[in-house]
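Before any comments, here is the structure.
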Amino acid sequence: MASHIVGYPRMGPKRELKFALESFWDGKSTAEDLQKVSADLRSSIWKQMSAAGTKFIPSNTFAHYDQVLDTTAMLGAVPPRYGYTGGEIGLDVYFSMARGNASVPAMEMTKWFDTNYHYIVPELGPEVNFSYASHKAVNEYKEAKALGVDTVPVLVGPVSYLLLSKAAKGVDKSFELLSLLPKILPIYKEVITELKAAGATWIQLDEPVLVMDLEGQKLQAFTGAYAELESTLSGLNVLVETYFADIPAEAYKTLTSLKGVTAFGFDLVRGTKTLDLVKAGFPEGKYLFAGVVDGRNIWANDFAASLSTLQALEGIVGKDKLVVSTSCSLLHTAVDLINETKLDDEIKSWLAFAAQKVVEVNALAKALAGQKDEALFSANAAALASRRSSPRVTNEGVQKAAAALKGSDHRRATNVSARLDAQQKKLNLPILPTTTIGSFPQTVELRRVRREYKAKKVSEEDYVKAIKEEIKKVVDLQEELDIDVLVHGEPERNDMVEYFGEQLSGFAFTANGWVQSYGSRCVKPPVIYGDVSRPKAMTVFWSAMAQSMTSRPMKGMLTGPVTILNWSFVRNDQPRHETCYQIALAIKDEVEDLEKGGIGVIQIDEAALREGLPLRKSEHAFYLDWAVHSFRITNCGVQDSTQIHTHMCYSHFNDIIHSIIDMDADVITIENSRSDEKLLSVFREGVKYGAGIGPGVYDIHSPRIPSSEEIADRVNKMLAVLEQNILWVNPDCGLKTRKYTEVKPALKNMVDAAKLIRSQLASAK
């Protein structure tokens with residue numbers, strides 16, 4: 001019985017790749033140094049999978065930034081602004097596309113389906129001159145082979161690649177991305193031919209868009225593309241891998257009829273209905289790669305349940321055609337539980353990170369083949385039983401409070417325009433008020449103080465003194481820049497979710513449970529293992545201290561319940577919305593305590609609201625209903641004169657704008673600087689928005705400092721579709737990852753731009 005892993009985390013168990021990348025970007029190390037760290041990581045991953053008994057080990061799932069960007073490089077689809085002139089694409093062009101450089105901005109970055117991973121969106125048009133410009137897939141296959149490991153090279157499939165792309169600026173609206181298939185397929189053929197020549201016997205093509213709602217023409221593109229590739233694929237075993245959801249019946253029919261394809265991979269964790277399709281009919285003689293081990297969470301697999309699913313499938317496809325797999329790439333989970341030396345033993349027994357999931361996949365494959373590891377299986381059953389019965393998981397008071405929410409929709413008593421009038425009387429802000437999103441740069445010194453305080457090497461008194469000084473520095477800087485609504489800079493916070501989770505019951509924390517978000521940026525999601533409540537106030541002390549340093553309004557900064565949920569590893573023993581309502585009640589207590597503590601502007605970030613949106617339209621309404629309701633619960637108890645802000649990230653808002661309005665926030669700030677036009681088009685098309693809105697005026701993800709003219713131009717474009725009395729001027733996200741040398745001039749230019757336009761508007765009256 002064979003085993004397979006869809007993909008594996010790249011960062012390394014101690015984030016080795018992150019530090020190597022950042023050292024290279026800062027000019028402190030060479031390309032050779034970076035390549036050595038990368039090669040060592042790849043080698044250890046392949047050897048680890050091989051040692052565990054994995055038959056189908058992936059290669060080319062490693063990336064220095066992103067696998068879609070790797071595909072863009074493979075196809076030579078470099079936008080003209082990066083000055084690429086042909087030949088093998090080097091790190092300079094590659095990283096310029098990902099991060100921008102001193103003279104040109106980065107390509108757009110967006111969520112990878114409904115995960116917290118981001119990919120770099122290809123910019124395509126009829127003029128793109130495709131060429132085979134990165135031999136990475138072949139090189140990595142050969143690299144593994146030289147180490148004695150035969151791998152399955154993984155490529156982003158051609159149809160998914162095009163459907164995940166966008167039309168470049170200036171391309172005619174009638175342009176169809178799929179019209180480029182005849183141009184990219186010859187390059188796929190070259191790559192596949194080279195892989196065959198290098199000795200590959202299997203190839204994996206990831207076509208995750210098959211789980212989306214695709215109309216007939218898009219499904220036909222799959223049929224046509226694979227018919228075109230058939231002769232090149234001949235002689236290879238070809239796995240088409242899907243993940244993240246059920247595959248719709250029509251797409252299943254299309255997929256299982258593709259020419260040249262010998263194996264199909266399905267997510268059977270999130271895709272429970274796919275099982276019914278397989279049971280109703282699976283093509284004879286083909287392989288089924290059964291994704292029964294969850295690639296997106298950290299809970300130990302239920303061996304008994306998985307084994308029973310696999311045995312049922314074995315009866316349909318046959319023993320020699322069933323392969324045990326992960327539900328998706330393990331990129332979306334933490335790397336290795338072995339590094340968690342401080343985690344509570346009971347909770348630890350309930351978990352499995354990527355390295356443990358490799359063991360789980362192989363244990364299930366062996367059990368199916370009649371070589372069951374009895375000790376491992378009984379330990380698994382004991383851990384599951386302990387989790388089900390542990391008193392740490394259930395809190396009756398929380399269960400009752402959450403149950404009492406049913407039947408009410410928790411809205412503020414007054415409508416938004418009346419509230420904004422009450423708030424303006426109190427805050428007295430100019431038109432186009434300026435603010436920032438919350439965090440300010442975190443210096444090495446600041447991180448050291450936090451780390452030492454956590455390790456009890458610094459007294460509480462010294463810690464408070466250091467944080468107070470940092471807050472004072474941030475407040476003084478904002479006053480000097482003449483920003484209207486201030487923030488305290490969040491120097492006490494390591495992460496916008498972890499900080500709250502550490503103070504809520506029902507959460508556990510890892511030391512090294514890092515997951516890649518984009519590029520070198522990793523997040524360490526908390527683990528929600530039980531009912532959630534707030535034992536005491538979490539942010540009031542610091543926010544009140546910051547407000548005492550200035551006469552200007554100071555924003556209290558909270559992370560919203562939906563974002564805490566979507567950026568955590570969430571318990572899988574109750575529906576997600578029930579956990580979300582519990583978090584909402586805890587945040588509601590905090591909002592009301594901030595108001596009592598004299599904070600008149602409170603921001604409740606829902607950066608991740610959209611990313612939790614199910615992939616299929618039929619499931620959107622239910623999700624949006626409970627997500628928006630959770631947000632309203634947090635602030636339904638405050639006075640009209642308290643201004644509630646929210647912030648959202650990387651969102652394609654067009655499809656959820658009515659839900660955003662229904663959140664009923666007083667002001668919404670949006671991270672949109674890489675997707676300007678998309679956002680403004682929503683308002684251009686006549687959506688009436690009565691609350692305050694601050695579309696980000698510059699991109700904080702790039703080191704580039706925008707000029708005041710550029711920012712003013714952006715604000716003017718916004719004023720063409722938004723009323724001047726509702727527009728706010730702000731960066732598109734928090735400034736934590738930037739340096740002060742970048743932040744000061746950028747914010748100065750932002751304030752100058754706002755003042756310039758204010759004076760233009762005043763003189764135009």
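Residue 1 is the first one shown; counting continues down the chain.
Backbone N, Cα and C define each Cβ position, glycine as well.
Taken straight from Swiss-Prot:
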BINDING   Lys18, Asn116, Arg521, Cys522, Trp567  5-methyltetrahydropteroyltri-L-glutamate binding site
BINDING   Ile437, Gly438, Ser439, Glu490, Asp605  L-methionine binding site
BINDING   Ile437, Gly438, Ser439, Asp605  L-homocysteine binding site
BINDING   His647, Cys649, Glu671, Cys733  Zn(2+) 1 binding site
BINDING   His658, Asp662  Zn(2+) 2 binding site
ACT_SITE  His701  active site, proton donor
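Cα distances from Lys18 (5-methyltetrahydropteroyltri-L-glutamate binding site) to the recorded positions Gly438, Ser439, Cys649, Glu671, His701 are smallest for His701. Compute the center of the Cβ atoms of Ile437, Gly438, Ser439, Asp605, which mark the site for L-homocysteine; besides them, the chain residues with Cβ within 8 Å of that center are Thr436, Val487, Glu490, Met496, Met557, Gln603, His647, Cys733, Gly734. Cα-Cα distances to Gly438 (L-methionine binding site) place Cys733 within 10 Å, out of the recorded positions Trp567, His658, Asp662, Glu671, His701, Cys733. Around the Cβ of the residue listed as 'active site, proton donor', 23 further Cβ atoms fall within 10 Å across all displayed protein chains.
Neighbours of Cys733 (Zn(2+) 1 binding site) among the recorded positions Ile437, Ser439, His658, His701, defined as a Cα within 10 Å of its Cα, are Ile437, Ser439, His701.
Neighbour counts of Cβ atoms within 10 Å were compared across the binding-site residues Asn116, Ser439; the minimum falls on Asn116. Within the same chain, the residues at least 6 positions away from Cys522 (5-methyltetrahydropteroyltri-L-glutamate binding site) whose Cβ sits under 8 Å from its Cβ are Met11, Arg15, Lys18, Trp514, Val515, Gln516, listed in sequence order. When Cβ atoms from all protein chains are considered, those within 10 Å of Lys18 (5-methyltetrahydropteroyltri-L-glutamate binding site) total 18, not counting its own.
DSSP assigns Cys649 (Zn(2+) 1 binding site) to coil in the three-state reduction, outside any helix or strand. Site extent for L-methionine: the farthest pair of Cα atoms among Ile437, Gly438, Ser439, Glu490, Asp605 sits 13 Å apart. Under DSSP, Ser439 (L-methionine binding site) is assigned to a strand (E or B) in the three-state scheme.
According to DSSP, Asp605 (L-methionine binding site) sits within a strand segment. Nearest by CA distance to Asp662 (Zn(2+) 2 binding site), out of the binding-site residues Asn116, Glu490, Arg521, Trp567, Asp605, is Asp605. For the binding-site residues shown (Arg521, His647, His658), fewest C-beta neighbours within 10 angstroms: His658.
Each residue contributes its Cα atom, and for Cys649 (Zn(2+) 1 binding site) and Asn116 (5-methyltetrahydropteroyltri-L-glutamate binding site) these two points are 11 Å apart. In the three-state DSSP scheme, Cys733 (Zn(2+) 1 binding site) falls into the coil class. Reduced to three states, the DSSP call for Trp567 (5-methyltetrahydropteroyltri-L-glutamate binding site) is coil. Fewest Cβ neighbours within 10 Å among the binding-site residues Glu490, Asp605, Asp662, Glu671: that distinction goes to Asp662.
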